[in-house]
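Feature annotation from TrEMBL assigns disulfide bond to C164-C199, C165-C183. The annotation transmembrane segment is assigned in TrEMBL to 29-54, 74-95, 107-126, 247-272.
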Amino acid sequence: MELGGRRERQQRQQLRHRRQKRVTAISPLVKYSLFVFTFFFWLIAGALLGIGIYARVEKGQVNAVVDLLADPAIVLIVVGSLAWILGFFGCVGALRENICLLKTYCYVLLILFVLQLVGAILGFVFSDKVEEHIGNLVETAIEKYRDDIDLQNLIDWTQKEFQCCGGKDGFKDWHQHNRYFNCSEENLSRERCGVPYSCCRPEGEEVVINTMCGYDFAPDATPTEAIDRIYIRSCIFAVADWARENLFLLGGIAMGLAIPQLVGILLSRVFINQIQDERELANQEARL
């Protein structure tokens with residue numbers, strides 16, 4: 001009887017020990033760190049999505065599918081939607097300890113990280129192709145300049161900030177690719193053969209912006225003749241030169257984007273392992 005009672009006490013102690021291990025298999029620190037991280041990720045994604053939807057509704061015009069990359073509002077909606085769904089998976093997966101949602105969150109983040117890394121390497125190796133593709137996008141953006149207020153503001157900001165005008169062919173791109181600025185005889189616009197005001201060189205400290213400063217260019221104006229009035233440098237080359245001069249800044253931004261992704265991948269992977277360990281302990285306990 002005494003031997004049987006001793007064995008029973010040992011079994012109870014082993015069972016209590018296993019229960020203790022099962023309860024502590026999941027770290028609250030990991031669980032709630034992952035939840036807080038994904039919650040902020042989810043909020044930022046929701047803000048991007050909201051801004052994109054607001055901008056799209058305010059414009060009230062749906063562009064063709066081929067113009068999506070030239071519409072900042074559509075880009076915000078697409079990126080915000082994907083990030084919002086991903087953040088939702090992470091938040092719910094962390095709270096509900098759902099392995100399926102957590103694996104989806106982890107693997108999608110990992111795929112995005114790898115794609116960004118591969119894209120950066122390919123962009124560096126095939127820089128000529130990338131420059132050509134960017135040139136085509138800039139031409140499309142110039143063509144849609146008056147059709148999209150967000151795109152117009154983005155182009156004006158870029159030209160003023162980088163002191164440039166147009167794409168591959170400089171200010172001539174405005175004459176070639178935009179129906180309001182082109183030099184054809186059919187164009188009766190007051191802006192014919194001109195450029196946007198953001199191409200103009202400022203005259204001293206302007207209190208009121210002269211939006212007509214780019215009007216009345218001769219159709220055959222040369223860069224030498226235009227340089228006193230406007231910026232003649234291509235925005236593609238201007239941005240590329242700025243990027244070369246600010247490699248450390250761009251590297252810091254890239255790290256700032258990559259580190260949160262790696263943190264999310266690491267936390268979700270650790271939490272998945274903890275949930276699996278807990279379930280294995282629960283199964284072992286159930287068999288006793």
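Backbone N, Cα and C atoms are what each Cβ position is placed from, and that goes for glycine too.
Of the candidate ranges 29-54, 107-126, 247-272, 29-54 contributes the most Cβ pairs within a distance under 8 Å of the transmembrane segment (74-95). Around the Cβ of C164 (disulfide bond), the same chain contributes T158, G170, Y231, R233, S234, C235, F237, A238, V239, each under 8 angstroms and 6 or more positions distant in sequence. C165 (disulfide bond) sits 5 Å from C199 (disulfide bond), taking the C-alpha atoms as the reference points.
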